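Visitor: After the structure tokens below, expect a handful of questions from me.
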Amino acid sequence: MSPQTETKAGVGFKAGVKEYKLTYYTPEYETKDTDILAAFRVTPQPGVPPEERGAAVAAESSTGTWTTVWTDGLTSLDRYKGRCYHIEPVPGEEEQFIAYVAYPLDLFEEGSVTNMFTSIVGNVFGFKALRALRLEDLRIPVAYVKTFQGPPHGIQVERDKLNKYGRPLLGCTIKPKLGLSAKNYGRAVYECLRGGLDFTKDDENVNSQPFMRWRDRFLFCAEAIYKSQAETGEIKGHYLNATAGTCEEMIKRAVFARELGVPIVMHDYLTGGFTANTTLSHYCRDNGLLLHIHRAMHAVIDRQKNHGMHFRVLAKALRMSGGDHIHSGTVVGKLEGERDITLGFVDLLRDDYIEKDRSRGIYFTQDWVSLPGVLPVASRGIHVWHMPALTEIFGDDSVLQFGGGTLGHPWGNAPGAVANRVALEACVKARNEGRDLAVEGGEIIREACKWSP
């Protein structure tokens, strides 16, 4: 037991406020394979030493509080406390530094992303001694990874279910997102799927509104799926959004989707919450449904560069909680992202083992062992002229999701879908023949236009 937690007969309990760094700053600490490691970007209030602020983050996100309490003597803080074990400056930012914190695995409930985030980020972000705080990355130890089911099926099983290999999958979000009747909505789904897309999608805020109740939408979309499958000979799907006000209602919608025989449902995992998401993920694995994940509300959390959480942390959490697809940004299009950083967390979604690479924003080596991978979804503001870049950047294991880039075609929905499919097939064929998509992409698309709407 450490001197800070030890109580001795005859001495009595010594109350009072102590500097955090006396207990929680331990630069000599050697991290364990079972520790959860966190990298925080810290912007402290003026005049506060980095060691004290880094230790404060470790304390307030683990066992600490603002004062010494007598019940410290009833446990072992050395076993349970978080430790700030390293501090480094942020290049180009005089007032910021990266604090590395190690958390003992016993602080976390098995298989619960909810508990993990409640512990690590649930309270410390309101700490007034900090001007701003951002969680840049987490290292999830193998011992903790193995307590999660992860994605319901994963990349390979999805390809086997769809019988589609050797190319990215194509999707489309039905527009306008709100206001269509269920029958007209189903018609748009049918036209897009018949034209050559693999999937169509409910927008994130399509749940069960007065203009289109969920059950009606599910029925008309299922009819569209079966009709397009019969005409094309391909397996098709529509992301039926099961997100609801309660977990019970969400599962009821997923059950109805399964009874209709459709292949995939959808969830808004941040607004719906990690407990709901994990519940739905378990249901999907048990019942053969794929699970598409939308990240609605992510920018509230990850957009600020010095406060909140980076999306790579949310992506890791989703892989643990469970989802077969997740929107990941495009690098091109109207929501352009930093290419290397985006591909860094795309690899964290898909690959089994990812080495530390600070140039791509990856602070820790991550081993996912047997946890299935997640397909990244590139969407928003993309169209056929982006197809060469998207095919080159994201590779085969991805979903390319066109909304206005399909439905905005001057000839209608089905020709828009045909144009997307022809462009994709042309890019994949050219790539397989050894042509450089980055250099010849425009020419490849122009050649494809001769055979497409």
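Cβ coordinates come from backbone N, Cα and C, glycine included.
Residues or ranges marked as N-acetylproline in Swiss-Prot (evidence: sequence analysis): Pro3. Under the heading N6,N6,N6-trimethyllysine, Swiss-Prot lists Lys14. According to Swiss-Prot, the feature substrate binding site maps to Asn123, Thr173, Lys177, Arg295, His327, Ser379, an assignment based on sequence analysis. Among the features that Swiss-Prot reports, active site, proton acceptor is placed at Lys175, His294. Annotated N6-carboxylysine per Swiss-Prot: Lys201, in sequence order, evidence recorded as sequence analysis. Annotation comment: Swiss-Prot describes Lys201, Asp203, Glu204 as Mg(2+) binding site, evidence class sequence analysis. If you look up Swiss-Prot, you'll see Lys334 marked as site 'Transition state stabilizer', on the strength of sequence analysis.
How buried are these features, and what lies next to them?
Guide: Non-local neighbourhood of Thr173 (substrate binding site): Thr200, Lys201, Asp202, Asp203, Ser379, Gln401, Phe402, Gly403, each in the same chain, at least six residues away, with C-beta under 8 Å from its C-beta.
Lys175 (active site, proton acceptor) carries neither a helix nor a strand DSSP state and counts as coil.
Cβ neighbours within 10 Å of Lys201 (N6-carboxylysine), excluding its own Cβ and spanning all shown chains: 29.
Taking the Cβ of His294 (active site, proton acceptor) as centre and 10 Å as the limit, one finds 28 other Cβ atoms among all the protein chains shown. In the three-state DSSP classification, His294 (active site, proton acceptor) falls within a strand.
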Visitor: Between Lys175 (active site, proton acceptor) and Glu204 (Mg(2+) binding site), what is the CA-CA distance rounded to a whole number of Å?
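Guide: That comes out at 12 Å between the alpha carbons.
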Visitor: Looking at Cβ-Cβ distances, which residues of the chain lie under 8 angstroms from Glu204 (Mg(2+) binding site) while being 6 or more apart from it?
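Guide: Same-chain residues close to Glu204 (Mg(2+) binding site) (Cβ under 8 Å, separated by 6 or more) are Asn241, Thr243, Asp268, Thr271, His294, Ala296.
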Visitor: Which has the fewest other Cβ atoms within 10 Å: Lys175, Arg295, His327, the recorded positions listed?
Guide: Lys175
Visitor: With a radius of 8 angstroms around the mean position of the C-beta atoms of Lys201, Asp203, Glu204, what other residues of the same chain does the Mg(2+) site pick up?
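Guide: Not counting the recorded site residues, we get Thr173, Ile174, Lys177, Asp202, Asn205, Val206, Tyr239, Asn241, Met266, His294.
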Visitor: Taking the binding-site residues one at a time (Asn123, Ser379), which has its Cβ surrounded by the most other Cβ atoms within 10 Å?
Guide: Ser379
Visitor: Including all protein chains shown, what's the count of other C-beta atoms within 10 A of the C-beta of Lys177 (substrate binding site)?
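Guide: Around the Cβ of Lys177 (substrate binding site), 14 other Cβ atoms lie within 10 Å.
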